[in-house]
Amino acid sequence: MSWGTELWDQFDNLEKHTQWGIDILEKYIKFVKERTEIELSYAKQLRNLSKKYQPKKNSKEEEEYKYTACKAFLSTLNEMNDYAGQHEVISENMTSQITVDLTRYVQELKQERKSNFHDGRKAQQHIETCWKQLESSKRRFERDCKEADRAQQYFEKMDADINVTKADVEKARQQAQIRQQMAEDSKADYSLILQRFNQEQWEYYHTHIPNIFQKIQEMEERRIVRIGESMKTYAEVDRQVIPIIGKCLDGIVKAAESIDQKNDSQLVVEAYKSGFEPPGDIEFEDYTQPMKRTVSDNSLSSSKEGKPELRFGGKSKGKLWPFIKKNKLSLKLGVTPEDFSNFPPEQRRKKLQQKVDDLNREIQKETDQRDAITKMKDVYLKNPQMGDPASLDQKLTEVTQNIEKLRLEAQKFEAWLAEVEGRLPARSEQARRQSGLYDGQTHQTVTNCAQDRESPDGSYTEEQSQESEHKALAPDFDDEFDDEEPLPAIGTCKALYTFEGQNEGTISVVEGETLSVIEEDKGDGWTRIRRNEDEEGYVPTSYVEVYLDKNAKGS
């Protein structure tokens, strides 16, 4: 099956068909280009999605990624980022292996097609020229034959006419012979041109056109093969990244399987454990004894006249300092002491340990820098042409000073850390009295923490004490004073509204009641008041009208 023999007379249709084939190829190239753009856009969206949900550095969100579930989610985000990279690979490979290659091939195909059809048109023009020559020769032969016939008839007419002179007859005879000879020459020329045309025509239809059409057919078949190979490449480019995409998905599955709910639960304990012991049982208070009642050291609340009332300070102060209202308000203000004493013991230990580790890293960094400068200075001393050793002295001094400052800072935090971990000797009796209770039931050291009311940041202190098994519980002491004497009144106040003190450290008041002020509002919205000699606590400043004594010494 050959176009040259089967389609010898379909030159124009073949020209249209081959142009259509090139259009199809260009359409396929456009399709692949749009696919690569989609892949790039998809990869970009995946990367942006992964970036959007990445935890921000040095933020609380980043700290949350210590949990296995969060780590698995982070691994998923990273795998999706790699997944997006594979779609970028698809786009790049399709562009280089299909789009660029086919675009170059289309240009070559257009040039080849143009050349083949140019040769075809040239062959057509040549055969048309031969045909015109044949027609011209044929017409000339026909004309010469007619003129020779007329000349012969004229000669015969003149020869039969007796009135015509002999000279005219001879002239007519010569003219007839000339015309006859011209007819013979035209016949011979026509015959030669006809033979040559037939030869050209045979070569045109049996040699030139078949060869040209065969080239066009081969060109078209190569185009078809090429587009088929490109389609295979199109699929292969996708197939090549499937194993890597599979690994990304396997990574996500592996990350999901690594989630450990027990480990996460333990991390929650480590993150929020305070280190305090739960409150003990409330002691029985015997109303039949004619003695002043004292609230249990381990009591969460006390009662007066059948009405529950939380007390703070003096002998009625409770131990559950983490729930004291003022402390919560102070924490909301964002004021954190340098020694992290506003944190529970366990959390404070972790904060101090982290600070010590950070300072040690800074010290190591500065030490490495000092060693590098020292080495450079030694090189300058040995090779003065490389630099002036004295130029490094100032920098070396600064680094040394920084190291000393960091070491002092680290020692300070290490001392606090040792204090928290119980590695330092117990502090003075007076300091222990400030920090909590003496517990002597089991000869075991108990860490007691109370809030320092004088500290605007709501800080806490820790102490250890050992007492005899049979020694009674010592009375609580107010955090703000070194002795057991109650705070002096600095004025009075009148309750504008009834306030039910439900939290540790607060006290309930009734509208219109007059009480003593022992500590004015320090900016946290609470005023410390006293009722009688053994009931005191905090009430919202907006609930009372305060009348301060100008001659009294303030808290």
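The backbone N, Cα and C atoms fix where each Cβ goes, and this holds for glycine too.
Automatic prediction, not curation, is the source of TrEMBL annotations.
Checking the ranges 293-320, 349-376 against TrEMBL, the coiled coil annotation falls on 349-376. Per DSSP, the secondary structure of the domain 'REM-1' (342-419) breaks down as 72 helix, 0 strand, 6 coil.
When DSSP labels each residue, the domain 'SH3' (488-549) comes out as 3 helix, 31 strand, 28 coil, counted as helix, strand and coil in that order.
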